[in-house]
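Listed features, source TrEMBL:
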type: ACT_SITE; residues: A:Glu273; note: active site, proton donor/acceptor
type: BINDING; residues: A:His272, A:His276, A:Glu302; note: Zn(2+) binding site
2 protein chains.
Amino acid sequence: MNDMATNTDPRAYDRLTARFARMATVEEAMSMLGWDQAAVMPDGGSDARADQLAVLSGLAHTMLTDTVAAEDLDAAEAAPPGDPAARRNLELMRRAHRQANAVPGDLVEALTRHAATCENIWRGARKASDFKMVATPLADLLALTREKAAALAAVSGLDRYDALIDTYQPGITAGEITPVFARYEAFLREALPRAEALQAARDHQRPGAAPFAEAAQEALCRRLAAQVGLDFTGARLDRSTHPFCGGTPTDIRITTRYDEADFASALMGVLHETGHALYEAGLPRDHARQPVGTAAGMAAHESQSLIIEMQAARSDAYLGFLGPVLAEAFGQEVAAFAPDRLAARLRHVGRSFIRVEADEMTYPAHVILRYRLEAAMIAGDLAVTDLPGAWNEGMRDLLGITPPDDARGCLQDIHWYCGLFGYFPSYTLGAMAAAQLMAAARAAVPTIDAGLARGDFGPLLGWLRTHVHRHGAAYGFNDLLRQATGKPLDPADFEAHLTARYLTA
Amino acid sequence: MNDMATNTDPRAYDRLTARFARMATVEEAMSMLGWDQAAVMPDGGSDARADQLAVLSGLAHTMLTDTVAAEDLDAAEAAPPGDPAARRNLELMRRAHRQANAVPGDLVEALTRHAATCENIWRGARKASDFKMVATPLADLLALTREKAAALAAVSGLDRYDALIDTYQPGITAGEITPVFARYEAFLREALPRAEALQAARDHQRPGAAPFAEAAQEALCRRLAAQVGLDFTGARLDRSTHPFCGGTPTDIRITTRYDEADFASALMGVLHETGHALYEAGLPRDHARQPVGTAAGMAAHESQSLIIEMQAARSDAYLGFLGPVLAEAFGQEVAAFAPDRLAARLRHVGRSFIRVEADEMTYPAHVILRYRLEAAMIAGDLAVTDLPGAWNEGMRDLLGITPPDDARGCLQDIHWYCGLFGYFPSYTLGAMAAAQLMAAARAAVPTIDAGLARGDFGPLLGWLRTHVHRHGAAYGFNDLLRQATGKPLDPADFEAHLTARYLTA
């Protein structure tokens, strides 16, 4: 009787939801401090900020590793809640607990601290285009990450690299990704030259006349993000070197960077981050700060940014709407932003060095390169000192171009330098999922393109809220796609999308 | 042998410094989130932010209340460190521990949460000038504060209100403050009419011609703060409703508000906050994040803002420097900013409603009013619903004026609405200490005024760094004054300063 009472304590699950809510709240604070660091912090704050993030990260970690958490999980599982969302929540709690307890607390703190330090040094190294400046901090961070991967692998039965991927997009392994990426590589080798040839045969005049004043760009970004559905009473738009979307569902922080020679870079960046923001804002509020109330993983998240940026905002329908808006924003002729000229910028295909500026057809090549390099680094088959050479060789092989310097090579992305290994595949899985979701949405809601043609994302957003956002993490990546589109990830939809957009004369 | 080893564990003190450093780091994170809330947070973030601050506050509190902290304190005290700074640090750790353990963790969290909520409602109530909007949240917050005061009183042997004062300026009680304030009230009743009469006999043309463009004001504030000694590689200047100085010693966050009709409000506000900032930046770096490395209390802090703003920046010497700088900043004639016209604004004495805009002679009356009201509220002798009436009556008695609305009455200050009771006396104790320190500094460093006459705060700042900043909390308030000026707090220096500045024809 006494044993029974202990093992099936009906309050155990409630105590767990309180514990996870506190942990999520600490993580919210960290997200805000991360925004501050990237967007507004003076240089003098770097060391103190690294300490702050390390201590908070350690505290959040402790909440998952004390003995009461383990006892409550055992007790709650002995008498699982009847509500399916609560049962799924409990499953995800167990998963988080298993991952957290695999990694010792001092390793978590060391990782956070080294990541903040390495990230700061990387900012200088990228500016100086000098990989050697950051090679040692990166090697230290990689060594710690490999320790973490080994610890995660030990409890999950996954390979080390798979164990890292699993922390960003649960349920996806290299075993699933490798053939999908190989298939795409084959598609690209055949499609890219054809797309380039078709493009060469067309008129290439780019839209508008530079300079595009920064203030006008910022006002335009703000206006269009709001029109897509971002509520600025619970969001900000600021500047940072590397654009991102952070904050909390009711206080979203989007950043971008402006280039007066090219309005499209900031605008498309903001629409991309708006896609992320809408997912966060659309998560089930009644499961706020619970595992089941979060996004279904980073590939799922990227599908939501790319369905806005790539599928919707570069569609024929939206380009027609965008022209007059741009003309007005920059005080230029409407004809300068005609659909064919907009397409010459927004749908230009090319072999280029910078991932975040790449077109959607070559973007996966950038990801495939990083996927292979980071898999080799985690496996111990590639040393950090050999990274610049391996990078440049990979670029030559995949896209036939050689980066002229490290700033346009292996220094361009923040990810590895802040400890994100296993994250990159999510971008391309997300792009593929976005194409698959868009095809399903168009089939289900015939008014989507008519909406986009007048700048109205309502029909699309309504479908996304119902079929993606409101589910939170109730489903895994493939199950989410299955309930929304009737099938798991299918790279054919992405190829069909690219074929329609780039391979028809 | 075994007992001895436990009781005099030589690592106990080191463990305590690590513990206090972690706690201070969490408090730094809270300070940054506080800045964010006041300066940049969208409205949608209020509830989540209140939760974040409450959780972090609870975590910091827990670090002082777990049993290991108590054991380590006992062990460290059994064999105190030989270094005097470390011994003082241990004393201050015990004091913090005693205070923290007096207040239950759930009360600390409730206070933080209610304070954030009440502060947000107050922002709306002040805008609407409607005290009723915020009366209930304030009454709730007062009830919690009285609980806290009772708990603190129980462990310290102080009265309830004294126990609150002690959390802001250790070692000062109402028993010391009441006669100092009564003496000042008597001085003011005699001095204010004389100062007003002398002022009426002079020319009153105010400096320059409005509007003073906000952008020009901001650039000027930034330039002069830097010239006073603020290093912007470790500081920011932003905007908020209520100006403050927050952040950390290497990442200081100053805020102000701009009024295009009056350049002096923002400028003097920024110089005031710069004084606070210089104190923080000058604290002993080798005791960073330790109790002994923090400021010596809020009255000590205010002495550092007021010695910059009131003593130095409104001195004859600095007004002579300021004139041409202002003329250039606003593109106006130098004659428009002649010393007598600057004095007509920067040394104008008058009976006014708003504390933060009050001149230095009437400012203490605003503080004395708040001191008496909050003492009565904490004692249970004044109900929140009676506050607006008592406020207006006090203003009539002390300054002979009646606030026309609550925005210009009891709603004007953030303090009570974010839970700060016992803080107000620090302002006037600080003003008195500033006069005392300035007199001692001038006696010791004859070049101070020559420096100010060319905008150079170096000689003054050098003396402050040596005699105030670098001591951190090594001394209590009166001992700090004693080692710097040869005597404890002496209100005569402040009266002498006012007499020289306002009561000589």
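Note: Cβ is positioned from N, Cα and C throughout, glycine not excepted.
If you take the C-beta of A:His276 (Zn(2+) binding site) and look for same-chain residues 6 or more apart in sequence within under 8 angstroms, you find A:Cys245, A:His301, A:Gln304, A:Ser305.
For the residue listed as 'active site, proton donor/acceptor', the same-chain residues lying six or more positions away in sequence with a CB closer than 8 A to its CB are A:Pro243, A:Phe244, A:Cys245, A:Ile254, A:Thr255, A:Thr256, A:Ser305.
In this structure, the binding-site residues A:His272, A:Glu302 were compared by how many other Cβ atoms lie within 10 Å of their Cβ, and the smallest count belongs to A:His272. Cβ atoms within 8 Å of the centroid of the Cβ atoms of A:His272, A:His276, A:Glu302 (the Zn(2+) site) belong to the same-chain residues A:Cys245, A:Glu273, A:Gly275, A:His301, A:Gln304, A:Ser305, A:Leu306, A:Ile308, A:Glu309, A:Gly430, site residues excluded. Secondary structure from DSSP puts A:Glu273 (active site, proton donor/acceptor) in a helix. DSSP classifies A:Glu302 (Zn(2+) binding site) as helix under the three-state reduction.
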